[in-house]
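Undergrad: I'd like to ask you about the structure that follows.
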Amino acid sequence: MAANATMATSGSARKRLLKEEDMTKVEFETSEEVDVTPTFDTMGLREDLLRGIYAYGFEKPSAIQQRAIKQIIKGRDVIAQSQSGTGKTATFSVSVLQCLDIQVRETQALILAPTRELAVQIQKGLLALGDYMNVQCHACIGGTNVGEDIRKLDYGQHVVAGTPGRVFDMIRRRSLRTRAIKMLVLDEADEMLNKGFKEQIYDVYRYLPPATQVVLISATLPHEILEMTNKFMTDPIRILVKRDELTLEGIKQFFVAVEREEWKFDTLCDLYDTLTITQAVIFCNTKRKVDWLTEKMREANFTVSSMHGDMPQKERESIMKEFRSGASRVLISTDVWARGLDVPQVSLIINYDLPNNRELYIHRIGRSGRYGRKGVAINFVKNDDIRILRDIEQYYSTQIDEMPMNVADLI
């Protein structure tokens, strides 16, 4: 097991990495030498899966995808220390889809996640990437009808993504048969342990065939996780992904000086035609501000959708579905959107409010240029926000220039 490497980087190293255009030069740590595969075409993936990857909007694999997908496909047990925003979900999703025998209508891969939302998101991602493969994939989560789970599992599912409690329940009821499972993925393993799922994870593992390949993704590697990897894994390869250096790459960042809060709205209206060139997300710091801005934009006859954490899950899902499909083009949101949700078409982010802490900045704008896409981020900055903007610049060793008149040409 490789020693737990430090996540910190010096200011000068951070600066060097941020300016680095070539993702293969991102500082990476692995427990052994790992080949870098710079394109999806050179990974040896099946043709119908490649079609799904490109149709989904991915163009170039992210740094973790360039390193981990080949290792997982080869059958290696893999520990990926990585946070959301690095492309981790697509890393294991592509690998899982590559390893399936579609002719066999039995569960061949099991993915455990800490929350229902994440499990559903993983399931939807698998169905989208596997669109040309005729893949069956079910989300097995608490809070839903048990009978429906049993019916779906009886029908036959190639992949099951779910929360540990419900998955174990389905295994115990013999509705989820484990004999054909080849791969177990533990996503956000540290979060699962924080939520008290340790027992259920071990219970699930005991029912899997002895030769099951294990892929574990975790932002941190505390003692309990390392204990789990020792029990579940054989000679795992460990890949550490440092996120902050990756995600400002290829993103042009600008600010617009607004003297007072009231002027932000007029500035946004002036920019609306630019927003709808592709798709845009507008971030506000509070739910109340999201509701207020949405109403004000609609009163001015602009088409926008909005989302925040107080909305019922069903409503959030349908808003995300509309946005993903391109039916809605401008989404106003709080930071609930900024973590782990992939919409490849988003190429413009507007910070109507600068984030309350500088770590959130990368969560927000890092998504606008992911997977080799370029992006633009525009920050609305009041006079008393200048200090915060400078702090963000310094923290990320980046440069945020005044927005040029021709910003539409850059998107």
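Glycine is treated like the rest: Cβ placed from N, Cα and C.
Swiss-Prot feature annotations, pasted as is:
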- MET1: N-acetylmethionine (MOD_RES)
- ALA2: N-acetylalanine (MOD_RES)
- LYS19: SUMO2 cross-link (CROSSLNK)
- 38-66: motif 'Q motif' (MOTIF)
- LYS60, GLN65, GLY85, THR86, GLY87, LYS88, THR89, ALA90, ASP342, ARG367, SER368, GLY369, ARG370, TYR371: ATP binding site (BINDING)
- 69-239: domain 'Helicase ATP-binding' (DOMAIN)
- LYS124: N6-acetyllysine (MOD_RES)
- LYS152: SUMO2 cross-link (CROSSLNK)
- 187-190: motif 'DEAD box' (MOTIF)
- LYS198: N6-acetyllysine (MOD_RES)
- 250-411: domain 'Helicase C-terminal' (DOMAIN)
- LYS296: N6-acetyllysine (MOD_RES)
- LYS314: SUMO2 cross-link (CROSSLNK)
- LYS321: N6-acetyllysine (MOD_RES)
- LYS374: SUMO2 cross-link (CROSSLNK)
- LYS382: SUMO2 cross-link (CROSSLNK)
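Can you walk me through where each of these features ends up in the structure?
TA: Residue density at GLY87 (ATP binding site): 25 other Cβ atoms are found within 10 A of its Cβ, drawing on all protein chains shown.
LYS124 (N6-acetyllysine) has a Cβ environment of 18 other Cβ atoms inside 10 Å. For the recorded site, LYS124 (N6-acetyllysine), the DSSP three-state label reads helix.
Sequence-distant neighbours of LYS152 (SUMO2 cross-link): residues of the same chain at least 6 apart with a C-beta under 8 Å from its C-beta are HIS138.
Here the motif 'DEAD box' (187-190) returns a mean pLDDT of 92 for the predicted model.
Listed in sequence order, the residues of the same chain lying 6 or more apart from LYS198 (N6-acetyllysine) and placing their CB within less than 8 Å of its CB are MET192, GLU224, MET228.
Sequence-distant neighbours of LYS296 (N6-acetyllysine) (same chain, six or more apart, CB under 8 Å from its CB) are PHE265, listed in sequence order.
Sequence-distant neighbours of LYS314 (SUMO2 cross-link) (same chain, 6+ residues apart, CB-CB distance under 8 A): none. Secondary structure at LYS314 (SUMO2 cross-link), as computed by DSSP, is helix.
On its own chain, LYS321 (N6-acetyllysine) has no residue at least 6 apart in sequence with a Cβ closer than 8 Å to its own Cβ. For the recorded site, LYS321 (N6-acetyllysine), the DSSP three-state label reads helix.
In the three-state DSSP scheme, LYS382 (SUMO2 cross-link) is classed as coil.
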Undergrad: Give the sequence-ordered list of residues that share a chain with LYS382 (SUMO2 cross-link), lie 6 or more positions from it, and have CB atoms under 8 Å from its CB.
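TA: Counting only residues 6 or more apart in sequence, the Cβ neighbours of LYS382 (SUMO2 cross-link) under 8 Å are VAL258, GLU259, ARG260, GLU261, LYS264.
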Undergrad: Rounded to a whole number, how many Å is the Cα of LYS124 (N6-acetyllysine) away from the Cα of LYS60 (ATP binding site)?
TA: 21
Undergrad: Provide the number of Cβ atoms within 10 Å of the Cβ of LYS60 (ATP binding site), excluding the reference atom itself.
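TA: A 10 Å sphere around the Cβ of LYS60 (ATP binding site) contains 15 other Cβ atoms.
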